[in-house]
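> A single structure is presented below for examination.
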C-alpha cells in the first residue's frame, strides 16, 4: 500500500517508488529518488562531516577577537568556556536526535513541517535560508579584504569585484562536484587554517603570564560581547539540511556533532588563552584580525602571515559549507512541495542539486557587495526565531510522536529536555531583545515575504502554473532506518 500525504493545495497524492505522482514533470524532478540522492560515492563519511560542521559554525578562532575587545580577556575566556555548554551542546544534541529520526534533506524545515505543518516549515525555511545567505555573503568580501593586505590592488574597484566573483564561481563549481569532494576539501582547509594556531599556542607556552587572563575592559560593550559569542558558536543545525547525503546517519551524525563541538570549543579557547596570556596588549587593541598581530609578537612575522593566509583558507571553507547547506535546504523544501520541483533537480554525474546551488550562489554573490551593518543583526534575529521554533519542534515531537524511531535519542525525559531547551531559548530572547528597531523591521519584512512566498507557491500549485512534487517523509524515514538496520547500524 502506497502512503498518502498532503501537498500544498491540500489534495492527497499517492507516491509510488521513486516518483512523485504529481501529474507529470521531467525525469529527475522532485521525487523521492532524486530528492534524497542515490550516489553512494558522494555520500558524506564521518571525518568530512566533522569538518563540514566545523566550517558551518566556526572555521577557526578568526572573529573571536571582539570578545576580548568588548569585555577583556577574563570574560572572553569565561564566555568561550561556558557558552558551549549552554548553547552549542544543547543545539548539537537537538540536531543529532532530529537528524537521525528524519534523515532526509531539508533538516530543520522537515522537522517543523512534521511537527506544526507546512506554514511552519515554510517560515522556518525562510528564516534560516535568509540568515544563512547573509552569513555566506560576507565570506567572499572577507576573503578580498584579507587578500588586499598582500595585494593592495584588490582593496577596491574592478580588481575587488573580480576577486569576489572568482571566489563565488570557483566554490560554486566545487560544490557542483559533490559533497564528498566538498567534505574532504573542508578537511584540508581545516588542517591548514588551524595549524598556525597550534604552533602559536605551543610557542606561547613559556611566555604565558596567567595574571593577564584576569584583565577586564574598562568600558564593557556587552552587546558586542554576547553577539560575538553567539555568532562564533552558531549554526550547529545547518548540517542537518544534508542529512540525506550522510552515510549511516544514525551513527555518524551524533559522533560528528560531538566531535565538532569539542574541536570548535578548543579551537577558540586555546588560542585565546595563548594570545591573551603571552601578549601584554590592552583590550581595545583586540579588533578583528588581532590574532595575526599577536602571532607576530609571539613568534615573528612568518607566523603572522601564515595566520593571514589561514584566514583566507577559512573563508573558503566557511563559504563552501554554507553554500552546501543552503542549497540542500532548497532541495529539501522542494521535496516537501514547498518550492517547485526544479529546485530538486540533480546533476547527471555528480548527483548534486545544481539549480539550488546556482540560485544560492547568485543570491550570495549579489549580497556580497552590500553593507551588512544592520542586516547582519537582522540575520541573527531571524536565526533566533528559527531556533525558538526548532526547540519547540523538538519538545512537541517528543510529546506528539514518542513512538518515532530515533536512532540517537537525547538521554533525558520530557522535563529534562524542556530545561535543555529553555536555557538557550532564554539567551535567544536576550539576543533578540538587544537587536534594535532596524533588525525588527528587516526581520518583519522577511517574515512577511516568507508567508507571501508560501501562499504564492500554494496558488501556483493549485493553478498548475509550476510543477511541484513531494516525498512521503514517513515512508522515507522507515526506508532509511530499515536500510541502516540491514547494514548493522
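A Cβ is built for glycine as well, from the same backbone N, Cα and C atoms used for every other residue.
Note: TrEMBL annotation is automatic and uncurated.
In case it's useful when we look at the structure, here is the feature table from TrEMBL:
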type	residues	note
REGION	1-37	region 'Disordered'
COMPBIAS	1-22	compositional bias 'Basic and acidic residues'
COMPBIAS	23-34	compositional bias 'Gly residues'
TRANSMEM	44-62	transmembrane segment
TRANSMEM	74-94	transmembrane segment
TRANSMEM	157-176	transmembrane segment
TRANSMEM	182-205	transmembrane segment
TRANSMEM	256-279	transmembrane segment
TRANSMEM	305-331	transmembrane segment
TRANSMEM	352-372	transmembrane segment
TRANSMEM	378-399	transmembrane segment
TRANSMEM	411-433	transmembrane segment
TRANSMEM	439-457	transmembrane segment
> In the same chain, who gets a Cβ under 8 Å from the transmembrane segment (352-372) while lying at least 6 residues past its ends?
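42, 133-134, 136-138, 140-141, 161, 164-165, 168-169, 172, 175-179, 319, 322-323, 326-328, 330-331, 334, 342-346.
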> Report yes or no: does the transmembrane segment (256-279) come within contact of the transmembrane segment (182-205), defined as 3 or more CB pairs under 8 Å with a sequence separation of 6 or more?
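These two segments touch.
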> Return yes if the transmembrane segment (44-62) and the transmembrane segment (157-176) have at least 3 CB pairs under 8 Å (sequence gap of 6 or more), otherwise no.
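Between the transmembrane segment (44-62) and the transmembrane segment (157-176), contact is absent.
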> Tell me, please, if the transmembrane segment (305-331) and the transmembrane segment (157-176) are in contact, taking contact as 3+ Cβ pairs under 8 Å between residues separated by 6 or more positions?
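Counting Cβ pairs under 8 Å (6 or more apart in sequence), the transmembrane segment (305-331) reaches the transmembrane segment (157-176), since there are 3 or more.
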> Counting only CB pairs under 8 A, let me know which of 157-176, 378-399, 439-457 has the most with the transmembrane segment (74-94).
378-399
> Looking at 157-176, 378-399, 439-457, which one has the highest count of Cβ pairs under 8 angstroms to the transmembrane segment (411-433)?
378-399
